[in-house]
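Enquirer: This is the structure I have questions about; it appears just below.
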Amino acid sequence: MQSNQIVAVQGGSQGGVLQQLGQSQNQQNQGAQSGVQLFPRFIFGVKGDVKNNLFYLDDQRVLYPAGHNVIIYNTDEKTQVYIPGVEGSEGITATTVSPSKKFVAICEKSERAICLIWDISGVAANPIVAPKRKKVLTSTDYLAKEFISVAFAPSNEKSLLATLTGEPDWKIILWMWDKQKCFTYQQVGVTGNMLVNQCSFSNQDHNIVLVTGNNTYKFYRVQENNSLKATHTQIVKKEAHISNNFTCHTWLPDGRLIVCTDQGEIMLLESSGDYKMLLAESPGEGFFIECIITYSKGFIIAGDNGQIMIYEKSEEPKNPYHRIATLPSSTDSKQEKDYPQLQAGIMSSRVRSLGLSSSEDNLIFTTENNQLLKVTINIERPSDDAKYEYLIFPFHSRAIHGMDVCIKKHLVGTCSIDKTVRIWNYQQKTLEICETFQDEAFSLAFHPSGFHIIVGFTDKVRMMNVFQKSLKTFKEIPIKGCREIKFSNGGHLFACTNQHSINVYKFYTAENPPEFQYKGHIGKVRCIQWLDDDSGFISGGWDGSVFMWKLYADQSSGRDGNVKDGNPVFEFKLKNVNFSCVANKPDSKTVVFAVGTDKTIKEINGNKEVFPRYDANSNISQIVLMHGARAFFAGIAEDDKPGSIQVLKYPFEPNKSFEVQAHSLPVERLRISFDNQVLFSAGQDGLFCIFDIKDKDPKGKKEKDNIQINYSEEILIQKAERDKFQADIEHLKQSIEQLRINNEIKIEHELSKKNQRISSLQMEIENKEIENRNRYEALLDSKKEMERMNEEKISQMTQTQVLELERRKQDYNDKMEADALRYQELLNQKQEEAEKFEQRLSELFMHHKKIIKELQSEQKIELEQQIKETNRLKEEIEKMMKEHKDQRDKIENDAWDRIDQIKERNKEELAKIIDAGMQSKANLTLITNDYKEAKSKKEQLQRDIHEKQTKLNDLIQQTNSLRQQIQSQKGELKERETTIKDKDKRIYDLKKKTQELEKFKFVLDYKIKELKRDIGPRELEIQKLNEQTNKMRQELKHFNRVNQNLALIVDDLRMRQEGLTNEVQNLRQQLEEQESYKKKFKDDVFECLHHIADFKKLKKGVIRLHKKYVKEEVKNEQGDTDLHREYANKRRYLENNVNYLRQMLQKDQDVHKQENSRIMKENVTLLQEINDLRKEVHTLRQKLKQIGQAENTMGSTQRSNNEMSMRSMGKDQNTVGDIQKELKLQDIQITELQKQIFELEEMNEMIRNQRPRVGKLPPLETSQQMEQQFDQDVGQYEDEEEDKHSPLQAQPTNNQEGQPQQISQQQDESPDREYDQ
């Protein structure tokens, strides 16, 4: 329920409502102490007269008002969380949810309008957690009784809120709601026919507030002095024909504004409030636009006739938004066919509010007839697959006048003046039946068994059977405008009001004997209550009288000891009181409770009233008692207050009751379940509410244990429906059997295909084994040949190595002598460089010392300046502390002066002590706020001092760090000395490497000369290889074409063969079925002929045969349709097989493509290797050119080098041999790769030949053609089948299949032949 909050209010006129706010928790505690409490289980209905009353909190939770509550409904779990209204208020007028979905603002009508802020962030994490009331906003700055509109600031939702008041002041008020303070307000200035209906903040700037209405457009901006200034008071530059009744508006994501009118015009305005244009695709034609919301690509509007229009942003400057859909679609005939009642309800009312889920796939909306609907849309194509459905269930759209509870089932019946009768399941919280009639329904009674109801309409009373999904009338009684019907506890009787009289009927015969007609009231009878033993009943009427009637004369009771039929046992009358409900005390035949228009509950014992009465201070329309009369439940029926439910303890005690908020209008009906566990209420607002009764008193628990009900699960069903169910069961069994047969056939077909595939794969594996064996033998021969060649090369290389070794020794001795001379020169050069480096190092060290001295002097000066600055800041702080102390003393003196003035004023104005006291509290809060601000300033100054102190510490740390840097620089000098030594070593190593590189240069020169000689023959070989590859590609293309043609021929022949075999199988199956049918008929005739001597038995047998085999015309048509259906099923099965084979073919083609792509990749790699060889040849040519140029410039030194290179000729000849060997190996690899390519091509051809057969089925023939064909081919199908399967016709396919193998063998042999050549 509600949380106990301490509320601070400006002004004292709201004392009554705020006391009720503060006392709500106390009343709940009193209810807990009394032992009986009420908790809402489920509320069916919505408060449709609240504008913008629907919000999506997330994809599963929806918030909307219902009665005097705000409900958070979980669409997945089908549960509700309740936010109750304020007790004593006059109802909810406006709601809104913050952009973050964490807070909800609920405005209620009262003596002075109030707004409550609730925190709902905990409900999403844990549905058990109840919403928390954060703040209550009210002020003396306005006189209005209600807020028309409310809005959170998008950029500052935790602090800023705007409310728009109604008459008489029409003000826009901005609240700092976290501080419960009115921030600023401004009178809108409504005059004449001007009205306001909506306020909102800009989504870009929370200092901009917009107010719109009839002839009202106010664009406010918050000024620096916290006042509101209207920068626009009307839409300037708009066309004259555009209506001035602005019904709704919204802010687009880019900050611009959309304003709609009552004539279907949509205007686009800039973020500054200036008019831009009228959208070209506005609905127009008097379409009243009621609400508007935005989404990611545009906005959605809704209004008259339940129409919803979706607009999307476009790039056209003249039409920035175009309409992409209108719901419901006029072309959606399926919607009207499937949901006629739903479609009629949508088209007959206006949409009040819209809500869009965060995923933008669900659109919910409420209508004026109190319905909550959902549209599942595709925002890209919303008109194509839009589906309408009720978010919960269809609710009553008007007042509920009749309600009753079933004893043996979890069912409740309601009827309304919206001409509907509904059956609800309160255990599962579902709507079981909803029936619409031509007349309004005023009363309803539920039979204890749950199989029957009686409903009173305007012209008659109808007795109905309750089936599973419908109501059927079986008897009508001509009573007009029956306002009360009541079944007896046993269900064998029921009582109906007939204006001033009461008629009791026998239910099972619908008889109304004369002794069961009771006439004693002079006014209309309003209520009836049966006694526990069904011996009589109690009635109350608008004539101020209460009667107790007995069905049969009883000499032991009544007045004067003699009660005649048709006379009451006792009567009780009060003047100027209209009784609306009576209830008898359980286990008592004389004690009666009655309520009427005098706002009291009266206890009547016999003819006398038992005092004192219970004064409820409100009109009570209904009362019910718990078993044992421990507690009362009373429904409130005040015209200007919501219809709440009071829980009263019996015997009555003052201030021992508490209220539960339920309806927004008076309570019309109140009922309790037989086991005292559930309470039901229905009101004039069309709401049906279910409450759980929690009784914590041990006596109540004992009473519940004593009441044991075995609820029944039986239902009524019509014979036609039962027959239909049985026929459906038989049809499903037949379809299951047909599916089983089809599955068996399909499995056999699949097994045969798999076996064929296995055999083909085995053949393929054997062929590959033979090929691999041949390849192995060829590779073994090539290996032996390569070993022989390698042995010869090794012997040659050993000989050349001995000669090269002797030559190298001589060269090494010559180089050692040259290196010794070079080393002596480098040693002298090193000594000179070392002397220069030491001189440079001493100069750097002196320069570094000078820089350190300069830095130390600068740091010293800066430190002295910082010390002076800190001293100055300390003096300023002391000065500010003195000023702060004087200011604080002054504020305190002013505060005490104000307090004294307030006390004197309170003594003078004793009549207004409450108002003045609240004002003094408000002033005191202002003073404390000033004190807190001064205190915060003091803390700010202390923080500044602390910051200055930290800065001083930082400067000291900087000086220490500079000293450390000096030490580190000294260490760097030592490290640099070590690096100099390392660099000397590095210089020595580099000199050695240069010597080795010069040696390697001589070797490369010789190799370059040798490679020049080999370039010519290598180019010739490359040309030959290119010509061979081109020939091979042409042959490959030719073979591919041939194989494709052969594959097509084979596929065609196989497809024909398969089609013929399928036809033969179908004909065989038909013949077998007909033969079995004939055999069965012959057996039955033969059995009938056994009784040829006995005429009667023979006649029975013939009739049985006639019934079994001779069918009517309709049944013959059904048989024909069965044959056609069977044929269509077979055709569908064959088409499915064809589709499956096509899928298998597609898979094989994909595998073939992958193999081809792999082969192409290998070809690409070969081409890349060839290109690499060409690049190597090109580089060698360039090196030869460079060497030729160098020979012209080298002179005598070059000649000496040539002589040295001639000495190393023997060694370089070995390297040339290695290069030739590598070239030969590459040639061998190229041939092997080309062989692999042709082998892979052969495998692909084999796969193509083995792929599944595909093709189209022959066209279907008509039934007559099929019968003629069948008559012609019955005698010949066996011969045709033998001809089709004969080996003579299989030979062409085998020959054709053999052709690709021969071609593939030729293809394998052709490259080997070319390479041998």
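Using the three backbone atoms N, Cα and C, a Cβ is placed for every residue, glycine included.
Computed from a predicted structure; not experimentally measured.
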Enquirer: Please identify the range among 11-30, 691-710, 1191-1210 that TrEMBL labels region 'Disordered'.
Expert: 1191-1210
Enquirer: Need the matching range: TrEMBL marks coiled coil on one of 187-214, 299-326, 635-662, 1223-1250, and I'd like to know which.
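Expert: Checking TrEMBL against the ranges 187-214, 299-326, 635-662, 1223-1250, the coiled coil one is 1223-1250.
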Enquirer: According to TrEMBL, which stretch among 351-385, 596-630, 981-1015, 1156-1190 corresponds to the feature coiled coil?
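Expert: Based on what TrEMBL states, coiled coil spans 1156-1190.
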Enquirer: If you average the pLDDT over the repeat 'WD' (518-551), what number do you get?
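Expert: Mean per-residue confidence for the repeat 'WD' (518-551): 90 out of 100.
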Enquirer: Give the nonlocal contacts of the repeat 'WD' (518-551) in its own chain as ranges (CB under 8 Å, at least six residues past its ends).
Expert: 483-490, 492-493, 495, 497, 499-504, 557-558, 563, 566-584, 586-587, 589-590, 592, 594, 596, 604
Enquirer: I'd like the per-state residue tally for the repeat 'WD' (518-551) from DSSP, helix first, then strand, then coil.
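Expert: Counting residues per DSSP class in the repeat 'WD' (518-551), I get 0 helix, 20 strand, 14 coil.
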